[in-house]
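**Q** Below are the features I grabbed from TrEMBL:
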BINDING   HIS6, HIS8, GLU115, ASP237  divalent metal cation 1 binding site
BINDING   HIS162, HIS189  divalent metal cation 2 binding site
Amino acid sequence: MLFDTHCHLNFKAFEGRVEEVVRAARDAGVNNIIVPGTDIETSKRAVEIAERFEGVYAAVGIHPHHVYELFLEVRHRVFSSTSPPKGGSPKSLTKKQVSTLLYLLKNPKVVAIGEVGIDKHNYQKTKHQDYKVDEAFVELQKIFLIEQIKLAMKHNKSLILHNREAKKDMLKILSNDELRITDYRSVFHCCEPDEELLQFARDHKMFIGVDGDVVYWKKKQEFIKKVPLEMLVLETDSPYLSPFRKFLPAQAGPNEPKNISFIAEFIAKLLNCQIDELKKQTTENARKLFNLS
Ligand SMILES: [Zn+2]
Ligand SMILES: [Zn+2]
């Protein structure tokens, strides 16, 4: 019994293949999968997929990278002389966007808000032309994050946090007592190998998500050794982060949830523990994280 806590079956890479991919996962012992959204469209698709398969659940949310669409809209309204600012502040615009997630939350297969967070990486490969992370964009990401944390709290949903190169801003927001989701209901998904993040997660009863990149990334291996097993959850972040990417780049193809079993075996060896113990503990952790009985 294994649990993939982060898998984008809702992305184009899996179009027309979802059933086959879920079946292959089950054959590899991966019975539970969480499908996180990254914008309104992919959140809707996550819910549709979760409804179709037993053991598959959805998270809905707007990823910081996709806050860019709204950022451009806000900037256009402010700077365009032909259309003077209307429709309220960035905060009220955000609230309007986030409220569209609300009706998705009513579906019983939606267990979390995610993935949400802050991302300061200047992506080269993105659908957005001239993508650039500046201060104003990060400010809007923060507003989105805060509104979505509030949404999770209000509706008793778990929280999948995405952080890339933004530790300081992230921890500052999560340190606000009014915003935190404690008692093991949130995860630093694909956690950067960073002791401060680990300490924060420990202090605030959060989980650490580990992916297939641990197979070839030494720094992450050293980091994972320091994470108590009770805090660890496994994820693939499919179609990204294939554990085989470094060895078989041509044949590797998109990452799939079935690869959780390979990642689990690797981590069991790394931590010098029994594979059955690792499977049992990480699955238990994931069920606790997503409040599944
Ligand atoms: Zn992410
Ligand atoms: Zn993701």
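Backbone N, Cα and C define each Cβ position, glycine as well.
Burial and contacts for the listed features, if you can.
**A** Annotation note: ASP237 (divalent metal cation 1 binding site) sits in a coil segment as assigned by DSSP. Applying an 8 A CB threshold to same-chain residues 6+ apart, the list for ASP237 (divalent metal cation 1 binding site) reads HIS6, CYS7, HIS8, HIS189, CYS190, ASP211, GLY212, ASN255.
Residues within less than 8 Å, Cβ to Cβ, of HIS162 (divalent metal cation 2 binding site) and separated from it by at least 6 positions along the same chain comprise HIS63, PRO64, GLY114, GLU115, VAL116, GLY117, ILE118, ASP119, HIS189, CYS190.
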**Q** List, in sequence order, the residues of the same chain other than HIS6, HIS8, GLU115, ASP237 whose Cβ lies within 8 Å of the centroid of the Cβ atoms of the recorded divalent metal cation 1 site.
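**A** Other same-chain residues with Cβ inside the cutoff are CYS7, PRO36, ILE160, HIS162, HIS189, CYS190, GLU235, THR236, SER238, TYR240.
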**Q** For HIS8 (divalent metal cation 1 binding site), just give me the three-state DSSP call.
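**A** In three-state terms, HIS8 (divalent metal cation 1 binding site) counts as coil.
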**Q** Taking the Cβ of GLU115 (divalent metal cation 1 binding site) as centre, how many other Cβ atoms lie within 10 Å?
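**A** Around GLU115 (divalent metal cation 1 binding site), other Cβ atoms within 10 Å: 29.
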